[in-house]
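Input: a single structure, listed below in structure tokens.
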């Protein structure tokens, strides 16, 4: 997961590039800023151009961004103070790729799976993003015992991006399956993009759900991006912070897997959502109390 490459090792990254921790944080925050406007573009691409084009475009943007990031550590380029901006530009390109691939699971499940398998298929595909976060939390501290190993870390992260781009370009041939898996996949009732967007903005339950899930994603992102700085300030190591971030993701992965199976069988989406939000709020309160200066 390229967006969290530097978050678990923010202190060493800041020291290597001679920048502040705020500038290191921007390497992660830029993903959130870009995903807001480009998320609408990604949705239009998925609806109008198709799943195949979206996945391939995402793979190419991700690969290009990871290669540009490598320019920041190439000594023969003698970039000096400009090396950070190559790093930032690479992160921006990778950020453009993220909405395309994150929004793909629902489209993939709707087009390629029958009705009774869609929630599980969507859950498995969606969890690839937290899985990448888990890997980044463990891998970055392991690859970077010292700041001088940053070129190695960027090279290791670039390899899977290049492989994924090659696999997507060569391996994906169709945007829809030859044989539709269900009647709903054959007879799509989705509205045109602009019409559908207007309908959503007038739908009060959808707005409430979007705000709630947006808050949940915001909390998850803050924990993932800033956990190292929160814990290291209290004397913990990068490795310990990374393991905590990984544990945070593993528990979410396990919960999502079990919940996906449960709602697939019971269809109790509303009840499950309410319980999950209550547990998340409780966990956040506990974390805030435990992390307070009094403790």
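Going from the start of the chain as shown, residues are counted 1 onward.
For all residues, glycine too, the Cβ spot is worked out from N, Cα and C.
Annotations in TrEMBL come from automatic prediction, not curation.
Residues annotated as transmembrane segment in TrEMBL: 26-46 (among others). Note on the transmembrane segment (26-46): residues 3-7, 13, 53-54, 57, 87-88, 91-92, 94-96, 98-100, 103-104, 107, 193, 197, 221, 225 of its chain, located 6 or more positions outside it, place their CB under 8 angstroms from a CB of the stretch.
Using a Cβ-Cβ cut-off under 8 Å and counting only residues 6 or more beyond its ends in the same chain, the transmembrane segment (53-72) has close neighbours at 2, 17, 42, 45-46, 79, 83-84, 86-87, 89-98, 100-101, 103-104, 107, 151, 154-155, 157-158, 161-162, 164-165, 167-169, 172, 175. As annotated by TrEMBL, transmembrane segment applies to 53-72 (among others).
The transmembrane segment annotation in TrEMBL covers 84-103 (among others). If one looks beyond the transmembrane segment (84-103) by at least 6 residues along the same chain, the residues whose Cβ comes under 8 Å of a Cβ in the stretch are 2-3, 17, 19, 23, 26-27, 30-31, 33-35, 38-39, 41-43, 45-46, 54-55, 57-62, 64-72, 126, 129.
Under the heading transmembrane segment, TrEMBL lists 124-144 (among others). When Cβ-Cβ distances below 8 Å are used as the criterion, the transmembrane segment (124-144) is approached by residues 1, 4-9, 12, 101-102, 104-105, 108-109, 150, 152-153, 156, 224, 237-239, 241-246, 249-250, 252-253, 256-257, 260 of the same chain, each at least six residues removed from its ends.
Positions annotated as transmembrane segment by TrEMBL: 150-172 (among others).
Residues or ranges marked as transmembrane segment by TrEMBL: 206-226 (among others). Within its own chain, the transmembrane segment (206-226) is flanked in space by residues 4, 7, 25, 28-29, 32, 133, 137, 200, 245, 248-249, 252, 273, 277, 280, 284, which lie at least six positions past its ends and keep a Cβ under 8 Å from the stretch.
Outside the transmembrane segment (246-263) by six or more residues, the chain places 119-120, 122-124, 126-127, 130-131, 133-134, 137-138, 220, 223-224, 227, 269, 272, 276 with a CB less than 8 A from a CB of the stretch. Annotation comment: TrEMBL describes 246-263 (among others) as transmembrane segment.
Annotated transmembrane segment per TrEMBL: 275-294 (among others), in sequence order. If you look at the transmembrane segment (275-294), the same-chain residues 6 or more away from its ends with a CB under 8 A from one of its CBs are 212, 216, 219, 230, 255, 259.
Sequence-distant neighbours of the transmembrane segment (150-172) (same chain, 6+ residues past either end, Cβ-Cβ under 8 Å): 2, 5, 9, 12-13, 16, 52, 55-56, 58-60, 62-63, 65-67, 69-70, 72-73, 139-140, 143-144.
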